[in-house]
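According to TrEMBL, the active site annotation covers Asp72. Taken from TrEMBL, the feature active site, proton acceptor covers Glu137. The Zn(2+) 1 binding site annotation in TrEMBL covers His70, Asp103, Glu166. For Asp103, Glu138, His351, the entry in TrEMBL reads Zn(2+) 2 binding site. The domain 'Peptidase M20 dimerisation' annotation in TrEMBL covers 179-285.
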Amino acid sequence: MKSVLNVLEQLIAFKSITPTGKDAIDFVADYLQKLGFECLIKTFGPNGQEVTNLYATLGHEAPNICFAGHIDIVPPGDEKLWQSDPFQMQVKDDLVFGRGTVDMKGAIACCLVAVSEFLKENKNHNGTISFLLTTDEEGDGTHGLKEMLEYIKDIEPKIDFCILGEPTTEHEVGDTIKIGRRGSINFDLTITGKQGHVAYPEKAINPMPIVISALKGLIETEFDSGSEFFQKSNLEITSIEGQNPVRNVIPFSVSAKFNIRFIDKHTPSDLAAKVAHVISQYSDDYELKYSCTSLPFVQEYSKEIERFADIVYDTCGIRPKIKTNGGTSDARFIHKYTQVVEFGLNCDLAHKIDEHTKICDLQTLYNVYYSSLVKLL
Ligand SMILES: [Zn+2]
């Protein structure tokens, strides 16, 4: 565990706020080169906002087992609210604090050290070990693994199985593996009324109660009841704006924003039509725009995924649940090229002030990554 904490401390010290982190990628590449890896570093994106990506390989034969992830982090927020410097790893009892401990520098430290230790005992292992890392996952992801996967797609041996160390744990490390994700669609709704004086409401049409009723109608709409691997689609309102600086005017229009996390029973256009149908029951003077940022996907529960679930069970002593909940991740790109399982630390603590993980969780994660190398190669 000392080696994992040592690598993690160095990773946390890089202020790799998305989409930056070239120095952290260079550090990982240097670590892997010393182990004999060939490292391909590639940047994409406009000048001054380049995103750095790394594909490192050791070996020339199948199967190619790949550890994937992102080295970028979300900003720490108000650093004064942290009990310690977010970029200086702090160990208190059995907890490790620092931005990125959970999402996901902790997982990267675990797989780097797992590979290093594995190679000490298994110099002549079968197959290929690879790493695929980016600095653009927490942002919009345009120039990260999406472009890197396309760039490396013809390099042999192609990736056969990918382990993505995103935080997936709900209570205990080992309880959850993710093999898909719900889709995400953002809506902008504007309902127009008739502006007027609040003292003469009969001479105006107030769009505010109309928006409130329409949104209530949307919240109460059951879009589906879920499916085998998906929890049901869910709508969350994120903003209601009357843009009204005074108190005596009924506004001309009101805008609202909401997001739907949706399952593979819908297409974005079907969903938008359902949303429009609900709104039309409350208003006939509205504008609805939408943009889908990711489509839902779920992979077949293959032999390989089952094998990984068995490794988790053997190592952690709990049978992992196979899930697709949570936000989006780079698995949305990776699954188009190869099988991918997501398996990492506790998702409750990601992106929070005082982000931290238990040392014993790092140990368990390290054990799973190490066993994966032993059993999959
Ligand atoms: Zn993450």
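For all residues, glycine too, the Cβ spot is worked out from N, Cα and C.
Keep in mind it's a predicted model, so treat the numbers as computed, not measured.
All protein chains included, His70 (Zn(2+) 1 binding site) registers 32 other Cβ atoms within 10 Å of its own Cβ.
The recorded positions close to Glu138 (Zn(2+) 2 binding site), defined as a CA atom within 10 A of its CA, are His70, Asp72 out of His70, Asp72, Glu166. Under DSSP, residues within the domain 'Peptidase M20 dimerisation' (179-285) fall into helix, strand and coil as 29 helix, 36 strand, 42 coil. Within the same chain, residues at least six positions away from Glu166 (Zn(2+) 1 binding site) with a Cβ under 8 Å of its Cβ are Gly69, Asp103, Met104, Ala107, Lys178, Ser329, Asp330, Ala331, Glu342, Gly344. If you average pLDDT over the domain 'Peptidase M20 dimerisation' (179-285) in this model, you get 95. Close to ligand 1, meaning a Cβ under 6 Å from one of its atoms, are these of the recorded positions Asp72, Asp103, Glu166, His351: Asp103, Glu166. In sequence order, Val74, Asp103 are the residues near His351 (Zn(2+) 2 binding site), counting only same-chain partners six or more apart with C-beta under 8 A.
Across the fold, the C-alpha of Asp72 (active site) and the C-alpha of the residue listed as 'active site, proton acceptor' stand 7 Å from each other.
Using a 10 Å Cβ-Cβ cutoff, the residue listed as 'active site, proton acceptor' registers 28 neighbours. When other Cβ atoms within 10 Å of the Cβ of Asp103 (Zn(2+) 1 binding site) are tallied across all protein chains shown, the result is 29.
The residue listed as 'active site, proton acceptor' sits 6 Å from His70 (Zn(2+) 1 binding site), taking the Cα positions as reference. Ranking the recorded positions Asp72, Glu138 by C-beta neighbours within 10 Å puts Asp72 at the top. Surrounding the centroid of the Cβ atoms of His70, Asp103, Glu166, where the record places Zn(2+) 1, the chain contributes additional residues within 8 Å, namely Gly69, Met104, Ala107, Glu137, Glu138, Leu164, Gly165, Pro167, Ser329, Gly344, Ala350.
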